C-alpha cells in the first residue's frame with residue numbers, strides 16, 4: 001500500500017509555497033501581516049465568525065511566502081472549494097473547512113473582480129486553513145483515537161518537513177491539490193464500500209419518513225398473524241431485500257421467516273426467525289442513525305489505513321471475525337470470540353512472531369482469583385484439570401506440601417500452569433504477538449460459543465474457531481508443514497514452537513459496520529464505543 005505524504009495538522013503540511021508576484025503583492029502582504037498578527041500575540045485567531053484551526057501552521061506558511069497570496073488562481077481555487085464541499089461524502093463535515101464562508105467570499109470576490117484586498121487576503125487565509133485541516137482529517141481522521149483508548153498504538157501519517165513542503169509546492173504549481181487530497185483517502189475496499197452505503201442510507205433518511213414498528217404481541221413466531229408484518233415488509237423492501245409476495249401479508253409465512261433470518265444474520269442477531277424485542281429494536285433503528293454508524297466507521301478506517309501492509313491479520317472485535325490478508329487480498333477468514341464487556345479486548349497493533357502447538361497455559365493472577373473458590377471447595381480441582389503449581393522460575397511445587405488455608409487468590413505465591421491436553425484452555429495451538437496487554441490468539445475447547453451471534457466470552461484474549469487451518473494458512477509451507485504434519489504434531493501432545501520466517505502484522509480493530517459482497521453488516525457495538533466517536537465527529 002502506498003504511504004501517503006500529506007502530514008497531520010500538528011506535524012505536517014508545514015510549507016505550501018508558491019512563488020508568484022501580483023500587482024498588489026505589497027498591499028496584500030500588509031493586510032495578511034495585520035490579520036495574522038494575533039497569532040504572534042498568542043490570541044485566539046478568527047476571521048469573522050470562522051476560527052482558524054491551524055493558526056500556527058497558517059502563519060508559518062505565509063511567512064515562508066513573504067506574506068503574499070497562496071491562492072492567486074481563482075479558477076483553480078473554485079475546484080478546491082468543490083473538493084471541500086465533497087467532504088460530506090467522506091463522512092466529514094464541510095462546515096469544518098469554512099465551506100459556506102468560502103462560497104460566500106468567493107461569490108463576493110468574483111463580483112468585485114477581487115479588487116478588495118481585505119476580502120481577497122482573508123479568503124486566501126481561510127482557503128489555506130481549510131485545505132490543511134481537510135488534508136489532515138483525510139489522512140488521519142478528525143478524532144484522535146489515542147484520546148479514546150489508552151492502548152492505541154497505531155501510527156499516524158507523517159512526512160518529512162522538506163518533503164511535505166516541496167510536495168505541496170509542486171501541487172499548487174501544477175494545480176494538483178485536488179488530486180493530492182484524493183490520494184489521502186484510505187485506499188481500502190471497505191472504505192469505498194462504506195461510502196456507497198453512507199450515500200444509500202442518507203438518501204433513505206431524506207426520502208422516507210421513519211416510523212417505529214410495533215407488534216400487537218410481544219413476540220411474533222412463524223405462522224402467526226400480525227398487521228405489523230405489512231410495515232416490516234415495506235421496511236425490508238426499502239433496505240433492498242427481496243421480499244416474497246404473499247396472499248396474506250399479515251401472516252408470518254415460511255418465506256418471510258427465511259428472509260427475517262437473513263436479516264438477523266446481517267445484524268449479529270440469533271437467526272431463529274422469531275421477531276422479538278431484539279429484532280424489533282434493530283428494525284426500528286432509523287436510516288439516519290445507520291448513516292451515522294457508517295460515518296463513524298469511515299473515521300475508523302482513516303485511523304488505520306496507513307498502517308496496512310502486504311500481509312496482515314485483522315481481528316474485528318465488534319464483528320467477531322478474523323481476516324488474513326496477503327498481497328493486498330483477503331485469503332481467509334473465521335469466527336472469533338473476544339473479551340467480555342468488562343474484560344474488553346484492547347485495540348492495538350503488533351507483529352505475529354511464532355505459534356505453539358500443544359501449549360501450556362499459565363493462569364493470569366486475575367483469573368486465579370476468579371477460580372480460587374473452586375480450589376477451596378475441591379482440593380483435587382487442579383490435579384483433575386491437568387494443572388501444575390510452579391515457582392516463578394518454573395520449578396514444580398508439590399501441591400500436597402502447600403498449606404492452602406494460609407492463602408487466598410490474591411496472595412497465593414505460586415503459579416498455576418495447565419499442561420497440554422484436551423481440556424487445556426488454549427486448546428491445540430496459540431499464536432503469539434508480543435504486547436503489554438498479554439493478549440494472543442488461541443484455540444479453545446469451548447467450540448459451542450462460536451455458534452452464538454454475540455461472542456464476548458473471553459477474558460480479553462481472542463479465541464479462533466478454526467485454529468489449525470489458520471496455522472496452515474500462515475505457515476504456507478507444504479513441504480515442511482503440510483496439513484498432515486500439523487495434525488501429527490498436535491496428536492503427539494508435545495509442545496512445539498514454530499517461528500515465522502517473517503513477522504506478520506496483527507491489527508486488533510473495532511468496526512461496527514462492514515461490507516461483504518455488497519451487503520452491509522451492522523454490528524451491535526458490544527463495547528459501546530460508537531457514541532464517543534460520533535460526538536466528536538459532529539463537533540466543530
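Yeah, the Cβs are placed from backbone N, Cα and C, and that goes for glycine too.
Look at TrEMBL and you will find 1-25 tagged as signal peptide. According to TrEMBL, the domain 'L,D-TPase catalytic' annotation covers 311-499. The active site, proton donor/acceptor annotation in TrEMBL covers 442. Feature annotation from TrEMBL assigns active site, nucleophile to 461.
When Cβ atoms from all protein chains are considered, those within 10 Å of the residue listed as 'active site, nucleophile' total 21, not counting its own. According to its DSSP assignment, residue 461 (active site, nucleophile) is coil. Regional average pLDDT for the domain 'L,D-TPase catalytic' (311-499) in the model is 96. Reduced to three states, the DSSP call for the residue listed as 'active site, proton donor/acceptor' is strand.
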